[in-house]
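**Q** Mind looking over this structure? Questions follow.
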Amino acid sequence: MKLRRGALREALGLALLLLPPLLGPASAVEPISLGLAIAGAAASALTGFISYPRLYCYFRECCLQRHDRRVAAALEENLDKRLFGQHLVSKVVVKAVKGFLNNSNVKKPLTLSLHGWTGTGKNFVSKIVAESIYKRGLQSKYVHQFVATLHFPHAHNINHYKDQLQSWIRGNVSICPRSLFIFDEMDKMHAGLIDSIKPFLDYYEFLDGVSYRQAIFIFLSNAGAEKITEVSLDFWRNGKRREDIQLQDMQNALSVSVFNNKNSGFWHSTLIDRNLIDYFVPFLPLEYKHVKMCVRVEIESRGYAVDEDILTRIADEMTYFPREERIYSDKGCKTVDAKLDYYYDF
């Protein structure tokens, strides 16, 4: 039996009125208890509806909870408003995620590898992607974040880590096909470890009865930052605009640079050799004007009026490279928070 929207709102309103005396705040979000509590008072209105997935997901986080079109729209809006100086990132990530989510017949998981110096926005973008897909973002039980130096610290335990990693991914994708896995500090990961997840990223329909095709994998790394800076400087020295840099100017050189970097977890990785990474996404080094944008947004996010003098002083205190030209911030926007704490009495 289908309920009209008005009937549903009335039923929910009645349910919420009954919740405090019957359940108390601790169990107010438990849908099973909710059904028991209001069964007598609202049975006729909620019959056939209390177990409906959309109602359940109103109270509890669900896998695949958000409509794919809403995800793409939220992602694009957040990147436009909150990410500065990264035209390639915004374009590639939005197109990649949007195309993947709207494809009803994907052949493999979406795999993105984000590269650039510290402070250019890699972690920030992975956070925005997570928030776009799941309301709780990085806190979602369907989003899983690994940090190389924290979760895989010892080289002599690499075989154990491989087993753990495979089990963790298999278990979580079995629960939620749209699981999101983020691997931070790939440049500090032990070589060979990430290859253990190669089967999950490949073009298999099922592995031991589990399909990984709807999952998303994001890798974050400083490896390749030198190559990105080299290309960026060439454009600048030749009088070309930063926005004229295209993905094809970076991607091949970036993948080769990362593949041959002995200090990277991608060193001679089968993930690169077998073309299982869909996009190598370059984060350009940030310029002075981008640092000022970061400072402005951070001040406003804390609810304070922007003092242009303080904003300029903070941007001026950053160190820039190359030494002669002083074009790019060597820490991006990484230390903006700490500098604001010094100038503002928050």
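Keep in mind that glycine also has a Cβ here, set from the backbone N, Cα and C atoms.
Straight out of TrEMBL:
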type	residues	note
SIGNAL	1-28	signal peptide
TRANSMEM	38-59	transmembrane segment
BINDING	G116, W117, T118, G119, T120, G121, K122, N123	ATP binding site
DOMAIN	286-343	domain 'Torsin-1A C-terminal'
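Let's see these features in context: how buried, what's close, how far.
**A** Neighbour list (T118 (ATP binding site), Cβ cut-off 8 Å, at least 6 residues apart, same chain): N222, K331, G332, K334.
Across the domain 'Torsin-1A C-terminal' (286-343), DSSP assigns 32 helix, 5 strand, 21 coil.
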**Q** Centre the Cβ atoms of G116, W117, T118, G119, T120, G121, K122, N123, go out 8 Å, and tell me which other residues of that chain have a Cβ in range of the ATP site.
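**A** So the additional residues around the site are F124, N222, F283, G332, K334.
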**Q** Same-chain residues six or more away whose CB lies under 8 A from the CB of G119 (ATP binding site)?
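**A** Long-range Cβ contacts: L286, S329, K331, G332, C333, K334, T335.
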**Q** Taking T120, N123 as the binding-site residues to compare, which has the smallest set of other Cβ atoms within 10 Å?
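**A** Looking at the binding-site residues T120, N123, the Cβ with the fewest others within 10 Å is that of N123.
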